[in-house]
């Protein structure tokens, strides 16, 4: 499932956005700029929804520090600041989109989907890799029309690999994304689940193209 970081100090609006996106994304809510910056740096997210008028540290400062640290996660600013100067400043700092309040939740979702499509993280309801078809709506996997049962984190792991082809994925990044950096389990669980997915997809293009990078992580080559 898509992971979104929502940095918004208005509790009512934050909860409304959270509820509206609940069937589409896993949304992490934080309510001030310092906490937002910490989460954006330590977690793994597909998109950041960022208010500007935040306590502790304003949204412009958060965005500036993220980009200076090389964090390229798409950022959609949503704010009551509607002047052309504010919009220009946001884009100069590295924002990917800018939505002024008040807004329709439906429009917010459309903009989110557009940004995710642009970054390759969202492709309607299916992902295809060689002879594998993954349905994101039903959480099902088929290999040449034959169902293959991948449960829970197995399914999430496959989707994460397919969404990050030709990208070196450190074990720590996979662990933070799927289990959370504050999880009580150990990082060795990543190897366990990679082994499970490989076994269930034995003989597929995925199993052939998934490389283990010793002491680093994994790399899934794209389909040639």
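Residue positions begin at 1 at the first shown residue.
The backbone N, Cα and C atoms fix where each Cβ goes, and this holds for glycine too.
Look at Swiss-Prot and you will find 124-222 tagged as DNA-binding region, backed by sequence analysis. For the DNA-binding region (124-222), the model's pLDDT averages out at 90.
The domain 'Response regulatory' annotation in Swiss-Prot covers 3-116, and the record cites sequence analysis as its basis.
Annotated 4-aspartylphosphate per Swiss-Prot: 51, in sequence order, evidence recorded as sequence analysis. When Cβ atoms from all protein chains are considered, those within 10 Å of residue 51 (4-aspartylphosphate) total 25, not counting its own.
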Problem set entry | Residues in the domain 'Response regulatory' (3-116) grouped by DSSP into helix, strand and remaining coil | 52 helix, 24 strand, 38 coil
